[in-house]
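Notes to accompany the following structure.
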Amino acid sequence: LQGIFVLGLPYALLHSGYSGLLLIVLAAALCCYTGTILIACLYEENEDGQLVRVRDTYEDIANACCKKLSPSLGGIVVNVTQVVELIMTCILYLVVSGNLLSHSFPYVPVTEKTWSVIAFVTLLPCVFIRTLKIVSKLSQLCSLVHFVIILVVITYCLTQIHQWSWTKFRLSLEFEDFLVSVGVIIFSYTSQIFLPTLEGNMKNPGEFRCMLNWTHFFACILKTTFALTAFLTWGEKTKEVITDNLPSFLETLVNLCLLTKALLSYPLPFFAATEIVYSCISKGNHSNYRSPLLALAVRGSFLLLTLLMAMFTPHFALLMGLSGSVTGAAMTFLLPSLFHLKLKWKKLSFLEKCADVSVFILGFLCSLAGIVCSVKGLLEVFG
């Protein structure tokens, strides 16, 4: 999903101007911060003052915060939110795959939905993925394809450097367009759902914070460079997905790379969603719940669900925006800051408390603005 959002960053600059450049840096800092405090919630100090990992998942953190109200309420809310966001992401990959195939082979008499089914067939082996190692290898290939796409676009833009002009940047902003830019920029950095699992699987978890800082730093540099060079090249003609601005021969090549990236990206959210559901089911005491057959059934059901929703849900992009405004903002800003305040209140300095409260308010405003824009779009579509 990050790759899809990254391709919209030049368009975001078109509507946000100079403030968009600041937002790219600010979003990196905020998402890095919420990732750090989320992982901090996994640890507690023992009698010797050493930090010990007492929680393993986002669900465990939520349950610890809500244990006085209900032992499992927080975990249920977090799990439902995570599954909704992950499944919507999987569906988006199928929709995007169908769209990319349709644009790459316009002369083939096949509908976009049929192309989505063809893409779905290539994803059937996902039901047999049982470990994170396989997913990580696919994600590595996905990252490699992502860099190829960025490199192709930036290289082409550098060949057009003679027509660059800073006068293309806007000074005046339209509030609604600016909100769209905020959503694109912020959610190009989101990864909080995967962080507890990632940190728990590191050989040296003590290096997690350093890793998070450096990855967000380099992501910020890469995204700023990419967005800036692309916008300076096309200016007011910048399209929503920047690959649509490329010459036809390059556009087809990049679209096929994007298709590969979408298909390689699918297993990560799919695996995460099915693992959450299966772990919830297997908490029961019945041995049948732990059978490999049930795990296969859960993965198969989820795979089919993503196809059916991609095929038959009208105006999916608007629904994705609506759910993303709720689940994305909640998982990225609202819950990490809220949980950190709840679990670490007595140990936080005044400035740290102010930072958490500010992030919570910002996340709430982003979520509210996204919901308003998405509902307005749905109302316009349905007349």
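In case you wondered, yes, glycine gets a Cβ from its N, Cα and C as well.
According to TrEMBL, the features are:
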- 2-373: domain 'Amino acid transporter transmembrane' (DOMAIN)
- 20-43: transmembrane segment (TRANSMEM)
- 76-95: transmembrane segment (TRANSMEM)
- 115-132: transmembrane segment (TRANSMEM)
- 144-166: transmembrane segment (TRANSMEM)
- 178-198: transmembrane segment (TRANSMEM)
- 210-233: transmembrane segment (TRANSMEM)
- 253-281: transmembrane segment (TRANSMEM)
- 293-312: transmembrane segment (TRANSMEM)
- 318-339: transmembrane segment (TRANSMEM)
- 359-379: transmembrane segment (TRANSMEM)
When you look at the transmembrane segment (359-379) alongside the transmembrane segment (76-95), do they share 3+ Cβ pairs under 8 Å, ignoring any pair fewer than 6 residues apart in sequence?
no
Could you check if the transmembrane segment (178-198) is in contact with the transmembrane segment (293-312), meaning 3+ Cβ pairs under 8 Å among residue pairs at least 6 apart in sequence?
no
Across 20-43, 115-132, 293-312, the most C-beta pairs under 8 Å with the transmembrane segment (210-233) come from 20-43
Using Cβ atoms and a strict cutoff of less than 8 Å, what residues sit near the transmembrane segment (253-281) while being 6 or more residues removed from its termini?
1, 3-4, 7, 59, 79, 82-83, 86-87, 89-90, 93-94, 96-97, 100-101, 103-104, 119, 122-123, 126, 129, 132, 134-135, 138-139, 141-142, 145-146, 148-149, 152-153, 193-194, 197, 243, 246, 289, 294-295, 298-299, 302-303, 306
Contact call for the transmembrane segment (115-132) and the transmembrane segment (20-43): at least 3 Cβ pairs under 8 Å, seq gap 6+
no
